Amino acid sequence: MTNFQILILSTLIDFSILFLSFKLFGKKGVHVFIVISVIAANIQVNKGVAYDIAGFHIIATLGNVMFGGIFTANDLLNEKYGRQEARKAVLKSIFFGISFMFFMFISTLSTSLNDPFYNDANKALNLFFSIDGGALKAVIIGNMVYLISQLFDVLIYSKIKSYSSDIKWLWLRNTGSTLISQILDTTLITYGFAFAGVLPMNYAFDIIISTLVIKYIIALINAPLFYILAFTKPREA
């Protein structure tokens, strides 16, 4: 499979997990989905990939599918339960995401056994979660940007909803808030990572453009699927 095919498949799988989280566990399930997605995205973002789309060679980082799912999940909470519930999910995911990374950082401080059997695992832990590790830097920067962009998305969604609350404008609330807030999110996160050395500075602008293309593709895939979520009645009800 090509990277682009994997991207499409991952987006559909991510949506399916979000749907099941909401259907089976209601808003609590969506909260957990967001927490897990934030943790996964902050680890995945350390891997660079290339996509060949319609003759264009696009360079981006992983994690875009996860972040796309987070925007959709927060929009779902905003639509079903209101702005405060969406804000609560953002703050929860930051707290638990940082807690996870703290636990992993502590694990790198222990002296490991001098045994070849553990070498690969020890190197991987130190590479990602030590004080100089890519994942630790990604979480520190990522959570600051995530807080700004997600609260901005919640605000934009609420503003659009106040003028167009009818179900027929659901697509506008979902895609409008996401497309606008993704510009802020992508610009801040890319230059933040570049200054921290997580990715090369000379790739920053290209990555912003290419990442927005990928995120917009994901957002457009999720837009019609969002109607399924809007009409889904969770078991908690």
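Every residue, even glycine, has its Cβ placed from backbone N, Cα and C.
Sequence annotations record features per position, and here TrEMBL assigns transmembrane segment to 6-25, 32-50, 56-77, 89-109, 135-158, 179-201, 207-231.
Using a cut-off of 8 Å between Cβ atoms, the transmembrane segment (135-158) and the transmembrane segment (6-25) share fewer than three residue pairs, counting only pairs 6 or more apart in sequence. Note: the stretches the transmembrane segment (89-109) and the transmembrane segment (56-77) are in contact (3+ CB pairs below 8 A, sequence gap of 6 or more). Counting Cβ pairs closer than 8 Å to the transmembrane segment (32-50), the top stretch among 6-25, 56-77, 179-201 is 56-77.
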